[in-house]
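Visitor: A single structure is presented below for examination.
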Amino acid sequence: MKVDELPIDERIKRVIKERGIEELYPPQAEALKSGVLEGKNLVLAIPTASGKTLVSEIVMVNKLLSEGGKAVYLVPLKALAEEKYREFKEWEVLGLRVAATTGDYDSTDEWLGRYDIIVATAEKFDSLLRHGASWIKDVKLVVADEVHLIGSYDRGATLEMILTHMLGKAQILALSATVGNAEELAEWLDASLVVSDWRPVELRKGVFHLGQLFWEDGKIDHYPENWESLVLDAVKKGKQALVFVNTRRSAEKEAISLSSKVSKLLTKPETRRLEELISSIEDNPTTEKLKRALKGGVAFHHAGLSRAERTLIEDAFRNGLIKVITATPTLCMHPDTYVVTKSGAKKVSELTEGDEVLTHTGTFKKVIQPLRREHKGRLLVIKAYGTVPVKITPEHMVWVVKQIRHKSHYSDGRQVIWWEFEGPEWMTAQELKERLESETDPKVSYMLLQPIPEPSVDADKIPLRKEVYVVNQHGKTDKLHPSVKRTPEYLPLNFETARLIGLWIAEGSTSKNGVIKFDISSNEEDLTEFITGTIRKYFPHAKIVVKDHERNRRTVRFCNKRFAEWLRENIGHGADNKSIPPLLLLNKNREVRLGLLRGLIEGDGYVRRESQRRANYISYSTVSPSLAYQLQLLVASLGYTSSIHRSIRTEGIGKTRKPIYDVKVSGKSYYSLLEELGFEVPQRGNRTYNVNRTWKNYLLLKVRSIEEEEYEGDVYNLEVEGDESYSVGFIVHNSAGINLPAFRVIIRDTKRYANFGWTDIPVLEIQQMMGRAGRPKYDKVGEAIIVARTEDPKKLIDRYIHGKPEKLFSMLANEQAFRSQVLALITNFGVEDFRELVDFLSRTFYAHQRGDTSSLEYKAKDIVYFLIENEFIDMDVENRFIALPFGRRTSQLYIDPLTAKKFKDAFPAIERNPNPFGIFQLLASTPDMATLTARRREMEDYLDLAYEMEEHLYSSIPYYEDSRFQGFLGQVKTAKVLLDWINEVPEARIYETYNIDPGDLYRILELADWLMYSLIELYKLFEPKEDVLQYLRDLHLRLRHGVREELLELVKLPNIGRRRARALYNAGFRSVEDILRAKPKDLLQVEGIGLKIIEGIYRHLGVEYTISEKEKPKKRKGNLYDFLK
C-alpha cells in the first residue's frame, strides 16, 4: 500500500514521506486496514524492525488530529520512554505536544494535561491512574508497546490491570513480538489481530559448530573453528555484529578478547574518534574494562553500566564507530515424578504455567513453562531414606550435602555423636552415583535437601457467610439454604477447629447440599465426644446425627452448606484428591498446625506403642501423594523429621490397587511429637535411631542407593520464575537487553545461569535476539547464528529456528503485585465491596484465559483480610469497604502494602532511636527493595557487623538455621552500602568493596530514595514527632546526594552534588552565606566550579551579579596534539 492511499490526514502523509517512506510494509498495510483507524482495538504481533512503531504513530496522530484528546504510549523501560519521546517529537510540526513521564510515583502530573502524546512506563501510568489525574478522562488511545510482557512475572500484573482499567474507556493498540497465543490476547481485548512473520530485511538463520555453519535451508559454509571468526568476518565486510552471552562477566571478557582482534581492522580516523569517546567516560572499575574494549571498536552492554554509558555505546554503534557489542539478553524427570506445589504434589507431566512449586529457598515460585523432550536410554533411580524413589536423567543436577559423622568419648564413659556438613553443592545424578559407589569411609553420607517452607500465612479465621442456595434435582433454586442464616460469619482457627478439619481430611466427606460427615470407629468414644462437642461449640444451631453401622463403623453428621463448600473448594473431595490448603499448612500459628496434625493422625493414622525392642513410630497412610508430601512438610514445619514410603498392595490375581503412601515419624521425633500433640507417651525404648535430620531450614534425606533403568519416552522439566530449582521430595535443578539491529547476530549461549545452575533460554527470547539481525535501509539480508559448543546443531535448529515461541500467561496471581492492585482497587478506584472486586477481576486477562477466577478470589479474600487487619481499609456493617488514610496513601506511594506495614510497625522504634543504619536495613528488608547478596565468604563479616549494630536495628537478628538468615545478611550488606554512600565514600571504592557495578549502585540508590520518601510520607499520618520528622527529612536529603550532614545546605544549590559540595566545604565555603560573601574569582578556584555553575547559583538565590571579563577564567591554550585530536 502506498502512503498516498492511506485514509488519513494529508499532513501525516507529508511527514511520513519526508522520512523517505513512500510505501508501507505488508503487515503495516494489513494493520491499518483492520479497522484500527476507525477506532477498533488491534493486537499487532510481528517481528522486530517490521514497523510496529510507525503503525502506532499513524494511529495516534490521526486520532488526535481528527478527534482531539490524548494518546498514551506505554513502554516497559525508562530508556525506551526517552527513545520514543525523541522519535515522537517530530510530530510537533503538526501542532501536537509530546511529553514523557517515568519517575515520581507520588504525583498527578497535572502538567501533562497540556500535552497530546504522553510516553510513560507502565508503572508510572498505573500510579497516575491511582492518583486520579484529571486529564486521564481525555485519553482516547492507549498504545501498549511490548505487550507480550504481560506474561512477565515482575511487571505483567501492572500492565494487565492498566489494560483492564482502560478497556471500553479508550481504544487499545497492543504491539507484540510473535507469541504462541496472540489470538487469546486479541479475544480478551475485543481486538482485531494481525500476525505476520514478514520482515523488511530477509533473515537467514543458522547454527555454527566447530567451523561449520549449518543454514536452515541446508547449505553449509566453512569458517575457522572458533566462533570469533564469525565476528571478524562481519567486520571485514564493513558490517557490525551483536554477540549475546549469558552473563555480565562473559560479556566483558569476550569484548576485551575481541577488541585486540577487531582493532587491526580499524582505520586511523576511527581510532582517533574512539579515543575521544573513551576520554568522555568517567573512571570506575567497570568502565576501565569498557575503555580497554573500546580501544578496538568493541563494547559490552549490560545492566551494570550506567544509563549514560549505555546510551553512549548505543549511539556510537548506530553511528558505525563501534563495530561489535557483546550483550546479555535481558535436563529432565520421568513423567510420573511428583513435584511439591503449593496446593500439594502433582506429576511433573501434569503441571502447567502458573502452578507454584517449592524451591530451594523454601518459598513457592511460579512455573513459567513446562518443558518436554524425548529420551531413549538410561535413567537413574535415586533412592533416599525418607522419600519415594525419583527417576532422573544422568546429567540432571541435584542439591547435595556431604555429612561426616564424628564420635567423641569422655573419661566418665559418656559418648557424644556429632556431624560435620560440607556443601550444599550441585552435582549431576551420575556424579552423585559415582561418589556414592566409591566412598569407603563409613562415617560419610550424602544427603539430599528438602526445604521446609516457613509458615507465612497470618490467618486466624475462615470466612463462612455467603449467599448459598438449595440445590434440587432441577439445579439451583432461588431459595436460600436454611443453614446460611444460622451460620457464623467466621470459623475461628485454633487447635480445636484445626483438629476437626484434620479429622475431616482423614475420614470425612461432604454432600452437595451441605452435609458434612465423619467416618470413625464405633469404639472411639473420646473422638465422638470431641467431634460433637466442637460442632456444638462453633455451629450451635446445627443438628448432629450420630449413627453406628456394621463392622464397627460410626458416622457423625451435621449440615452447614457454607462450611461444606469451603471444605470441598479448599481441600477437595475423595481420598485421592484431598490436599491441605496453605491457610492451614503454612499458618503462622503453631497451635493450628499441631491441631491439624493431631486430627489427621486420629483419623487415619496409627501410633505403635507396644514394643520395647523394636522401634515405635507414628504412621499415616493415604492414597494421595499430594497429601503425603504435604504431611511431611507439616511435620517438618513443627521441627520434627518424618519419612515417606510408597508401596503397592495387591488383592487377587492381576488386581492392583493404587499406591499407598505411608508417612512415618520415628526415633526421637516420635516421643517429642506425641507429647506435644497431647497423646499418651509410652516408655522410651532402646531404639530411637533415625537416619534423617534437619539442618538449617532443610530436611536432610540420606541417599541409600542409585540404580540404573532403561527408559524410552518423554521426560519433563520446569522453567521456574526467579529460581532454577524445584522440589521432587528433594531439591533438583531445573537444568532447563539491548534494542539495536546489526547485520549479524551471534548467540553464543542458549543456556543461562541463575541462582544455582543452568537453564535453557526460552524460544521467545532467542527469537527476539535473532530478530535484531538486519538493519533496514543498510542490509538486504541479516544473519542470526546460534553457536553450538557442546549441543547438537540439529536440536538447536529444531528448537530455536523451527520451534514456536511460548504462550503468554497472565501473572496477575503474583501475590506481591496482586496485593498492591487489590488495595488500589479499593482505595483509589472506588470498588465498594467484594462483589464489585470479583466483578472487576472477571474482566482481566487472567479470568479470560482460565475461564474461572475462584483461585484469584480466594487470594483476594486473604488480601482483604490482611488489609483490614493492618488498618489499610475497613468494612461497614453492610460489608462495604472503607478506604482508610493509611491504605490510600500506601497505594498512592506505589509501594507494597507489606512494605507499608513494616514501616508502620517500626515507627515506635524509630522514634526511640532514629539512626541511619537501622533505617537503611529496614528499607532493605522490604519487598520493594533490590538487596545485594552476601556471598559465603562475606557472611561472617556481615553477621559481626549486625551484632555490632544490633542496638540500632529495628528487628531481631534471625538464627543461623532460620530461612531468613541469608537474606538478612544481604540486607545488612545493602544497608552498609547506603551508609558508605551518605558518608561520602567514593563510588569507585564502593564498586570495588562490594563487587558491584555502577548500574547496581544506581538501582539501589533510586529505590532507597523512593522508599525513604514513602517512609516519611507514611510517618506523617501517625502524629509524628517534629524532631524525628526533621531527622528523617535530613537523612533523605543525605541519601539523595550522598553527603555527610555538614553538606546539606550546599547540596540544595543547583548543580552542586556530593563532589562539588565537598570541594566548596574544604575550600572554606561552608554555607550559602559564605558563597554570597565570596568573590567569583575565588569560587572559580574550587575544583569543579565553573562560570555557569556560579551564575546558576546566583540566579537560584535571586542575586543579580554580573561577572566582569577580568573575573572570567582565561581559556587554556592547547598544543598541536589537542588541535589534531
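Yeah, the Cβs are placed from backbone N, Cα and C, and that goes for glycine too.
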Visitor: For the feature motif 'Q motif' as recorded in Swiss-Prot, pick the matching range from 1-29, 436-464, 494-522, 697-725.
Guide: 1-29
Visitor: Choose the correct range: of 145-148, 533-536, 801-804, 973-976, which one does Swiss-Prot annotate as motif 'DEAH box'? Give that range.
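Guide: Within the set 145-148, 533-536, 801-804, 973-976, Swiss-Prot attaches motif 'DEAH box' to 145-148.
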Visitor: Only counting partners 6 or more residues apart, tell me which same-chain residues put their Cβ under 8 Å from the Cβ of Ala49 (ATP binding site).
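Guide: The answer is Arg199, Pro200, Val201, Pro741, Gly771, Arg772, Gly774, Arg775, Pro776.
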Visitor: If you count other C-beta atoms within 10 angstroms, which of the binding-site residues Gln28, Thr53 is the most crowded?
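Guide: Within the set of binding-site residues, the most crowded position is Gln28.
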Visitor: Could you tell me how many residues in the domain 'DOD-type homing endonuclease' (500-640) are helical, how many are strand and how many are coil under DSSP?
Guide: 64 helix, 32 strand, 45 coil
Visitor: In the motif 'DEAH box' (145-148), how many residues does DSSP put in helix, strand and coil?
Guide: 2 helix, 0 strand, 2 coil
Visitor: For the recorded ATP site formed by Gln28, Ile46, Pro47, Thr48, Ala49, Ser50, Gly51, Lys52, Thr53, name the remaining residues of the chain with Cβ within 8 Å of the site's Cβ center, in chain order.
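Guide: Checked against the 8 Å cutoff, the neighbours are Tyr25, Pro27, Arg199, Pro200.
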Visitor: Would you identify the secondary structure of Thr53 (ATP binding site) according to DSSP, in three states?
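Guide: Going by the DSSP assignment, Thr53 (ATP binding site) falls within a helical segment, counted as helix.
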Visitor: Can you tell me how many other Cβ atoms are located within 10 Å of the Cβ belonging to Pro47 (ATP binding site)?
Guide: 21
